[in-house]
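Enquirer: Have a look at this one.
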Amino acid sequence: MTARTKIVAGNWKMNKTVAEAVSLVEELTKELAGFSGCEVILCPPFTALTSVAKLLHSSPRIQLGAQNLHPALQGAFTGEISAAMLREAGCRFVIVGHSERRRYFGETDAFLREKLLAAVAAGLRPIFCVGEELPDRESGRWPAHLRSQIQGVLHGLPVDVLSAIVLAYEPIWAIGTGRNARPEQAQEAHALLRKEIERLHGTAVAARMCIQYGGSVTPQNARELLSQPDVDGLLVGGASLNARSFTSILLSVQ
Ligand SMILES: O=C(CO)COP(=O)(O)O
């Protein structure tokens, strides 16, 4: 089996002023001095990126990510931000296709594909999110839904783009609900996603791909989720907003 480096990311969503972000990162860098259990990514809101980047200079194991980008290089897109701007702010990663972006901002597969291409062209690694709604989970249609999200966006992408992507399985019914997927449910979905990647892009790409789980991850459930063979990391929302809970999740990585 290919050994994949585990990657745990904190998606702060629309939380933390610059001052709050700085204080959280100061606490985290203190708690995580010497930590080398996995790659750690922090995704603060845009306004806090440069301040957080400065604090992370001396913590090479903690990297910076953004929560969104626009695929155009520049231009008349009021309120948007480009991949080059994110790189300049110190980002290495960017979340693409989070269910909240798909749901509230109508982001389509075609648009997400453009974002992935723009991100990788600028040297960013996308964290590409997929996941089903509760009715699809309950009716058993979730495998078809996940396959169609993968095919719709990743089909035919060049191998350098695929190799840069971190995939995140985030069942929508588990996001912010306190109801995480059971470890065996996460494993089943991750194995299916890896199989689909393999079908589209071959064994080597699929075996190397890091697939994170996201949705109500807590210090209590992180270890068991991470013990599944195809769970290669976590994408943490609420529990990443507090230094103690995020650190305790990170310490569950073996
Ligand atoms: O959406 C998520 C991370 O991107 C998950 O959020 P919660 O961990 O708050 O459920």
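Heads up, residue numbers simply count up from 1 along the chain you see.
Every residue gets a Cβ built from N, Cα and C, even glycine.
Whatever TrEMBL says is automated annotation, not expert-curated.
Keep in mind that what you see is a predicted model, and the values were worked out from it rather than measured.
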Enquirer: Taking Ser163, Ser216, Ser227, Ser252 as the options, which does TrEMBL list with Asn11, Trp12, Lys13, Gly176, Gly237, Gly238 at the substrate site?
Expert: Ser216
Enquirer: Please report the distance from the Cα of Gly238 (substrate binding site) to the Cα of Glu170 (active site, proton acceptor), rounded to the nearest angstrom.
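Expert: On Cα coordinates alone, these residues lie 14 Å apart.
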Enquirer: Would you mind reading off the Cα separation of His98 (active site, electrophile) from Glu170 (active site, proton acceptor), to the nearest angstrom?
Expert: 8
Enquirer: Of all the binding-site residues given, Asn11, Ser216, which has the fewest Cβ neighbours within 10 Å once its own Cβ is left out?
Expert: Ser216
Enquirer: For ligand 1, pick out the binding-site residues Asn11, Trp12, Lys13, Ser216 that have a CB under 6 angstroms away from one of its atoms.
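Expert: Passing the 6 Å Cβ check against ligand 1: Asn11, Ser216.
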Enquirer: Which of the three DSSP states, helix, strand or coil, fits Gly238 (substrate binding site)?
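Expert: Note: Gly238 (substrate binding site) is helical by DSSP.
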Enquirer: Show, in sequence order, which residues other than Asn11, Trp12, Lys13, Gly176, Ser216, Gly237, Gly238 on the same chain lie with their Cβ within 8 Å of the centre of the Cβ atoms of the substrate site.
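Expert: Same chain, not in Asn11, Trp12, Lys13, Gly176, Ser216, Gly237, Gly238, Cβ within 8 Å: Ile175, Val236, Ala239, Ser240, Leu241.
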